[in-house]
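I have placed the structure first, in the form of structure tokens, so that the comments after it can refer back to it.
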Amino acid sequence: MFGYWGKILRVNLTDGTIKEETFNEEFAKKWLGTRGFGIYFLLKEMDPKVDPFSPENKLIFATGPLTGTSAPTGGRYMVITKSPLTGYIAMANSGGYFGAELKFAGWDAIIIEGKADHPVYLYIHDENVEIRDASKVWGKLVSETEKALKEEVGDKHVQIASIGPAGENKVRFAAVMNNGHRAAGRGGVGAVMGSKNLKAIVVRGHKRVEVADKGKFMEVIREKIEKLKKDPVAGGGLPKYGTAVLVNIINEHGLYPTRNFQTGVFEYAYEQSGEAMAAKYLIRNKPCFACPIGCGRVNYLPSIGETEGPEYESTWALGANLGINDLASIIEANHFADEYGMDTISLGGTLATAMELYERGLIKQEDIGGENEPPFRFGNTEVLHYWIHKIAKREGFGDILAEGGYRLAERFNGTEYFMGVKKQELPAYDPRGAEGHGLGYATNNRGGCHIKQYMISPEILGYPYKMDPHDISDEKVKMVILFQDLTALIDAAGLCLFTTFGLGADDYRDMLNAALGWDFSTEDYLKIGERIWNAERLFNLKAGLDPLKEDTLPKRLLEEPMPEGPNKGHVVRLKEMLPRYYKLRGWTEDGRIPEEKLKELGLEEFI
């Protein structure tokens, strides 16, 4: 096979066994990689109703066939497991250099099972694999962990995926971190890693990924890179200002969620924009492996020195969503969230939930520990500087916040003020200003998520063409489905979503065929994406998903018209779109997958 080693590493932390397993090209053609591999093994080997923190839950690190190649952004990997935040599938994507290094070591994926009886880390040096004691780094921050483990193994070139104290303490939105600030962020994958007493995976590889026709592959790659460089977003806005270039754009379009989605316009947006960040704090760009875009930021603050980020989502989650406009405070908060290993979107969403519950009188000052604790008021930067540390350590009221926004709101009888889907906090786009995006939120397999359908592209940015954000026709619903399947394909290939700014489905076909030696059509590849999406949906249904209750949005977004800005008066007309979405997906009226659809997609073994 080209693009693959055909090798999976299986590690049982309970009994310490380490096994090499193989797969063939038929398997690769069906599941492609990353999310595809992950959902296959979860469905095949695990009861979807298992407790996410039990040893029976599996934690899978998987690459794609283009991971480790020179394909633009070909450094991605994913972490797949059952989420302790949602109770459903978690698949978190990260860039940096860890994914490529895992591929260079000769492995396509790692399946982690069981639970160690003490803190350990996994050391992979090509085909040599060891489970080592991690007691000396347990409790350390992410940067401290990376430094200590590089010194211990005597190799500064190893790549490390690790958890911080938030993962160790099973904060339900803990992330897996690599290269300091790259995060497999959402769904609590870091908490699952912590529940297994696995502190880190350290990898060093010396192999190179083989492609079917190197000359043809490089010709195709050069063409795709040129398209990306000519694109105004991939070749202009993102390299110049990072992902926070979206702050002003989304705010001007009136869907920049402010103060827990109470409105879509933030009066201080420019002060936390990518333009402002570049002018005040930027030192240099920092691209991930094989990336011609280079959206990563290295910033400098006197209080913490050099740091990376924040990205658009983090800037919003720790800024406008909390009514906070001080960019230095946002950068510092993002830094510590990374060091502790926390998903900034869920962190900000949880704090925003606490702020609204507090301001509405549902959370009292005595509930959070008395008069000496910083009050949860919108705009209070002290909340960032204080509660992030308490959450990561599960200290005081931080222990309650560490459960996430939904469980917090449920505890204080205010679930209508939790802005999330399937218990996962929503990201930085108010769907009252992009209704197709709202449908994507509601039907997303991992809960509140933007990057598994990113309808912001057509509805706001005009990719692949401009669509009216308030159109809810069949064409819009079909586009949501296409984007869901396409993003599953891009993930499975081992590429970054940002390549869609400049590339389309045919471009991914070209790269994959040249690398793998296949003769697949665009439709063949999109069918893989559809298979993955439906398999993840099936896992959720088996885990207990009630579609008609849970394929929904917060009441505010469905019933409270946007109070100001370009989308004033709009709500998300989800009830008018959802039945057509189910029908166009080939599902039943109550959102379940019929047997004939499963057979059509080759999923009959999971019926």
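Each Cβ is built from the backbone N, Cα and C atoms, and glycine gets one as well.
ARG186 (tungstopterin binding site) falls within a helical segment according to DSSP. Residues near ARG186 (tungstopterin binding site) in space but far in sequence (CB under 8 A, at least 6 apart, same chain), listed by position: ALA90, ALA92, PHE173, ALA175, ASP343, ILE345, SER346, GLN424, ARG446, CYS449. Annotated tungstopterin binding site per Swiss-Prot: ARG76, ASN93, GLY95, ARG182, ALA183, GLY185, ARG186, ASP338, ASP343, ARG446, LYS452, ASP491, LEU495, LEU497, in sequence order.
Under DSSP, CYS288 ([4Fe-4S] cluster binding site) is assigned to coil, being neither helix nor strand in the three-state scheme. The feature [4Fe-4S] cluster binding site is assigned by Swiss-Prot to CYS288, CYS291, CYS295, CYS496.
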Candidate nearest CYS295 ([4Fe-4S] cluster binding site) in space, where candidates are the binding-site residues GLY95, ALA183, LYS452, LEU495 and distance is Cα-Cα: GLY95
Residues satisfying Cβ distance under 8 Å from LYS452 (tungstopterin binding site), sequence separation of at least 6: GLY440, ASN444, ASN445, ARG446, GLN484, THR487, ALA488, ASP491
8 Å Cβ shell about CYS288, CYS291, CYS295, CYS496 centroid, [4Fe-4S] cluster site members excluded: THR73, GLY75, GLY95, PRO287, ILE293, GLY294, GLY296, PHE498
Cα distance (Å, whole number) from CYS291 ([4Fe-4S] cluster binding site) to GLY95 (tungstopterin binding site): 10
Diameter of the tungstopterin binding set by C-alpha atoms, the set being ARG76, ASN93, GLY95, ARG182, ALA183, GLY185, ARG186, ASP338, ASP343, ARG446, LYS452, ASP491, LEU495, LEU497, in angstrom: 23
Integer Cα-Cα distance in angstrom, CYS291 ([4Fe-4S] cluster binding site) to ALA183 (tungstopterin binding site): 16
Spatially closest candidate among ARG76, ALA183, LEU495, the listed binding-site residues, to CYS288 ([4Fe-4S] cluster binding site) (Cα to Cα): ARG76
Nearest-integer angstrom distance between the alpha carbons (Cα) of ALA183 (tungstopterin binding site) and CYS496 ([4Fe-4S] cluster binding site): 13
